[in-house]
Each structure stands twice: as structure tokens, then as C-alpha cells.
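*Asks:* Under the heading transmembrane segment, TrEMBL lists 20-39, 54-74, 653-680, 686-704, 716-739. The UDP-alpha-D-glucose binding site annotation in TrEMBL covers Lys111, Glu112, Asp141. Annotation source TrEMBL lists active site at Asp141, Asp452. Per TrEMBL, Mn(2+) binding site is recorded for Lys274, Asp298.
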Amino acid sequence: MDQSSNPPMHLCHVNKLTIFVNRTYTLIHSIALSFLLYYRATFFFSFHDTKTPFLPWLLVFAAELLLSFEWLLTQAYRWRPVSRTVFPERLPEDDKLPAVDVFICTADPEKEPPVDVMNTVISAMALDYPPEKLHVYLSDDGGADVTLNGMREAWSFAKWWIPFCKRYKIKCRSPKAYFSAAEDEGEDGDYGGSDFLQEKQNVKEKYEVFEERTRAYTRHGNTGSSKRRDHSAVIEVIQENSSDQAFEVTETKNMPLLVYVSREKRPSRAHHFKAGALNVLLRVSGVISNSPFILGLDCDMYCNDPSSARQAMCFHLDPKLSPSLALVQFPQKFHNISKIDIYDSQLRSTFSVLWQGFDGLQGPCVSGTGYYIKRLSLYGSFVNKEDHKDPIELRQSFGLSNEFIKSLLGNYKANAKMAQLAETQQLASCTYEDGTKWGEEAGFLYGSVVEDYFTGFASLHCKGWNSVYCDPPRPQFLGSGTTNLNDFLVQGTRWSSGLVDVAISKYCPLIYGPLKMSFLESMCYAYLAIFPICDFFSLWCFATIPQLCLLNGIPFYPEVSNSYFLIFSFVFLSSVSRHLYEVLMTGASLQEWINEQRIWMMKAITSHLYGSLDAFMKKIGIREASFFPTNKADDIERLKRYNMGVFDFQTSALFLAPLASLVILNMASFCVGIVRVIFLGELEKMFIQVFISFYVVVMNYPIIEGMLIRKDSGRIPTSITLLSALSSIIFYILGSIIFM
């Protein structure tokens, strides 16, 4: 499509005022940080003349350096934020649109309810895209019979659902979400006549039958728990059920292709978690449909707008942008987030602030779900349209499948009947990748459980590919956010471990990135890789060392009358006010600012600590990599607390004990500080230390409430409270001996 003679299919908007504000803030805050660090550094030339212990000062100085460096890296996101508008109506005719494969991954039907997974599958099948150019693949890493049976039921119901959606232009293509939505939410488009209502009721009844049959499989069928790590490959093209004669054959011909894939897994073989499953889908789909573009979805992330594929094609079909464009990333948004959102499950800062800045550089990294990626970009440097390599060399990189090699060379006609042959079984076997470049230079990369971030960095942006971020007014995809503290912290630990895996590998963005991409882009990637280390070390230092000094009567910060007091005050107020400004500018509230401040502290103390330790232990061989899917099944009591804005502390003592211990330590130091201020007149010397303790206590009031006030089942157990109090006392005694 020649855009020189046609209106553009997309526009990029640069807000110059926002850029000016961001860069001015960066300059002013940098100057203040320089003075703060200078004040700390001068101590080392005169510490013999002071009573302040050397080791605590060194640790806090290191924490301030790390946080300052982390802050500096985040300024790359603020350098040139952009937003984009698309015009899908300007796309070429349907017969000229490229084909799209949809990859959906599930692993555990007990944590990822099959009904919800099938709703995602059905919503993908119902996208507003030519059905003959749409192919939906579900990877079932659990090898569960209930999932395969659910796919068959989904196919049968989709024959009714898809025509209904297209006939009446239904916006939300997930039947569960559509039928549970209130009538005033506008999901019915412009229709409301008796024919529509009658057909809607008819389809709803069929959905209820589908839902009940799928739940029955879950209750009485095999959930695959006994063979989750030990089962053969199963690939099945889901086709017409011969017993269903009530549906017109002509309608089923307009159905997208639906394929079930369960790769072979053996306990003695590494399976590389989600990255391994995606690479199997890449190969299997290569000999079945071989579409040039791929939509990646989490199993709970249903299509909330049928136009996402067309919106993505506005970028992919732009001749000026397309040659170097690898992916179009949509934001992750969630349907079950409460107005209070005490766990910051909506990831507001990431998708409303950081990713817009990422987009102004070379584009965001692959973000797990909701992305349209060019298949060619995942094949590394081995496949080039202008210079096809020797098939023998391709076999050394991609394996011995002749059919798959043909698909790489572009002279292969895809054929769904291949799913019935041994070729796809070979492609999905656990030995196929032996001696190849899969996971190293081809496909989604192994070596980290955050395969999306790692692949986006090392395989895409470091090799010259770009990406764009598209955030339209209506969310294109909606998923299930975490709604309890345990799942939130477990998920955060997994993400932290994967990011630190990359940070301490040869692909560390600080070293590997600057020579292969723009310097600002490498700063963005570097921030994501190292922030768990920076946050856990800094927060542990700030939550303990000033408090120990306060309890021992040792001033640690400049006095109120000292000019450097203004520097420390300015840096703190500048940081929190900047965060508050971004929260308010993205349409959030003051309460959400408080929630984000609190949850940042809680994650740093627990998830970032354990995730970093896990990564270091894997690096030195103490433990193996592990992956646990986030629980998507709802617990009624926990969900009720979440919607009320009440923390649910039903989680491991490994998470609760550090949080409670540090809050108790800060409560004690604040009380002692108040006594010193009132009876010893030490406000001048101890103000900052007293304020730090006060800030920690106030921000973490829900923990105090969970320990001392609440009586429900979601409170912090008394045993944990007593253990934490004892830990605080021991920490105070040992800290006083070692540090003071």
C-alpha cells in the first residue's frame, strides 16, 4: 500500500510540553542528587572526627547510590514519550490482509480454570478478521484431558457465537464477559430489537450448556496432575462433531482453524517453561498455517475488542515502518480490578507511563501477552528473505524436519492435514531441539522465566528490530489480575528472578545493550533487569539502619539547621511529588498513589529479595529454575476482601515475617524517637530519622492492623506476630553490636 498517495494508517503524537517538563525535572533532581551524594562522600574523608559508625554510613551510601542510579535509568522512559492513533478503516481489502496465528498457553487446569481458558480461545476465534486467515493454537503444557475436551466443546459453541457476534457487531468477544456484563455497559452495539434479543437468549442458553459441560469435565475428568511432566505429544485439529447436525455446514466453513497442541514432556528433559511451549507452537504452526504474524495471549487474556488484529496491521502494513518492525504491543489491562486496587494489580505505572516512553525510542519489549509479532523476527539471523541460506545450514539451526525447513524458505504451502501426520509429533517432541539453536538464537529464548523480556531484548532490539506500543481508548484485551497478597508476591518473585537472571548473565543490558541498540533503549532494558536488586538492597537498608541508629541515639542525617537538610528534604519531596503527579496525570487518585507507595515497599522487602536470591542461587548451581503459574481461580472470601480494600495476609511466613519484623522495628524506633524529641530535645538532630520511621509506619498501617486489630481469617497469625517481634529484638541486639 503506497502511503505517499493514501492517507496514513497511523499517527504518532509527541507531547512537547510533557517532554519539556520531564527533562527540566531530570536536570533539577540530578543537581539535588549530586549534592546529596557529595555530602555522603565527604564523610569518608572525615569519619575519624565523627561519632557516626563507618559501616552503617557505607551501607546507606551504597543504597542511595543504587537508588540514584536506578532513578537515572528511569529517565530514559521520560525522554520522549509518545502516543499513537490508528485508522483501521484505511487498511486494504480483506483479501490483501496477511494471515495471523494466535498462540494461547495454559499449563494447569487447576489454577487456570478451563472455562476461562476456553473463553479466551473463543474470543480469539471471533476476532474481526477474515476467518480463512485466522488460526488459533492452544498449548496445553499439562496434557490434561479436560483441556482437550474443553477445546472440542469450545469449537461446537463457537459455531453459534461467531456468527452472532459478526451479525450484531458485538464488541466484547468473550461470551462469559459479554453475558455477565450489565445492559448499560453498551456491549450490544446499536441493536436491541426482538430478533436480536431472541437470538441473544438462544446463544446464551447454548453458552450455559457449553459452560456446564466444560465444568463437568473439570469435576469428573483427568486434570493431568499425574502426567504434567511426563506425557507424549498430542496435536489435534479440532473439527466438526459429526453428531451435531443442527448447524448449517456452510456456517462451519467460515470458522477459523482451531488446533490443540500438547508437547511431549519427560522428567529427565528440560522443558524451558513457557518459552519452550511457544517454540513448539512456532514449529507446529509453521507446517500447518505458517502465518507471517502471530498474536500471543495468556490463557486468561480474552479479546475485549475484535479490531485488535486490524489495528496491529495499521503498523505492520506500513511500508516505511514494516521492514524493521517486529511487534505491536498492546497494554495489559484487567477486568477484575477493584476501584481501590490495594495490590497495584493494574500495573498502572508500567503501561500508562513507562511503555509510552519506551515507544518513543525503539519501542517496548515483548510484554507477555497482547502482542502481534512478525514470525520472521523470531527466526534470528538464519532466515533472510533476500538471501536464503542452504537448507543444510538451516537444519543445523532449526532441526531435521524437512517440512519445517520448507516453511522457513517460503516455498511451502501450509496444510492443516499435516497435523494428522508424524511430522508434527516430531516437531513437538522433547528431543527435537537437541543440537539446534532453538532457545539460544532462534525462537523465544531460554535462560530466564521472563522469556518475553529476554527475547525482546536479545533477539529483537539488539538485532535491529523495532516495536511500537498501541494503547487505544477501549482495552483490546482484558485479563485476570492478582487479587490476593500471596499470588501477588509469588508472581513478583518469579518476575524478579527472571529479570535478575538476565542482569547477571552475559546479556546484561548495561554491557550487552549499548553497542547493539540506542543508548536510551539500553537504559530502559537495564532498569528492568536491575531494579529488583536495587530495590531490595536499598529498602532493607533504609528500613533498618537509620532506625538502629535512632534507637542507639546516633544521628545519621544532617541537622535541621544544616543546609544539606534542605537537599535531603528536596530529594524526598521531589521523588514523591513526581510519582503523585504521574498518578494524577494518568487519571488515578491519591489513594492509588498511597497504594503504589506501600506495595513498592512490600515487594522490595519480599519479592525482589527472594527473586534476586533465587537468580543468584541458580547462577551458582545451588538450585534449578522453576515456574509456578499464577492462580487464576477465584477464592470468594479473598475476592470479597480485595474488593473491600482489605489486605489478605493468608500467605507464607517467608513473606509475612520480614514485613511484620520491619514494621515492628520502625514502630519501636518511632516511639523511641518521639521520647528523645520530647524529653531530650533532639528534634534538631533526629528529625529525618524520626520521619523515616513515621513514614514507614503510616504507609504500612494495614500490616499493623493485621497484627493487632483484625480478628478475621485474613489477619496476620499471632504466631507470626510473636516471631516477628522476637526477630526485631534479635536484629536490634545484633545490629547494635555489629554496626555501632
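Every residue, even glycine, has its Cβ placed from backbone N, Cα and C.
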*Asks:* Taking the residues Lys111, Glu112, Asp141, which the record names as binding UDP-alpha-D-glucose, find the longest CA to CA distance and state it in Å to the nearest whole number.
*Replies:* 13
*Asks:* When the Cα of Asp452 (active site) is compared with the Cα of each of the binding-site residues Glu112, Asp141, Lys274, Asp298, which one is closest?
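*Replies:* Closest by Cα distance to Asp452 (active site) among the binding-site residues Glu112, Asp141, Lys274, Asp298: Lys274.
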*Asks:* If I take the alpha carbons of Lys111 (UDP-alpha-D-glucose binding site) and Asp298 (Mn(2+) binding site), what is the distance between them in whole Å?
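*Replies:* That comes out at 13 Å between the alpha carbons.
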*Asks:* Within 10 Å of each Cβ, count the other Cβ atoms, then let me know which of the binding-site residues Lys111, Lys274 comes out lowest.
*Replies:* Lys111
*Asks:* Taking the recorded positions one at a time (Asp141, Asp298, Asp452), which has its Cβ surrounded by the most other Cβ atoms within 10 Å?
*Replies:* Asp141
*Asks:* At the Cα level, what's the spacing in Å between Asp141 (UDP-alpha-D-glucose binding site) and Lys274 (Mn(2+) binding site), rounded?
*Replies:* 8
*Asks:* Can you tell me how many other Cβ atoms are located within 10 Å of the Cβ belonging to Glu112 (UDP-alpha-D-glucose binding site)?
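*Replies:* If we count other Cβ atoms within 10 Å of Glu112 (UDP-alpha-D-glucose binding site), we arrive at 24.
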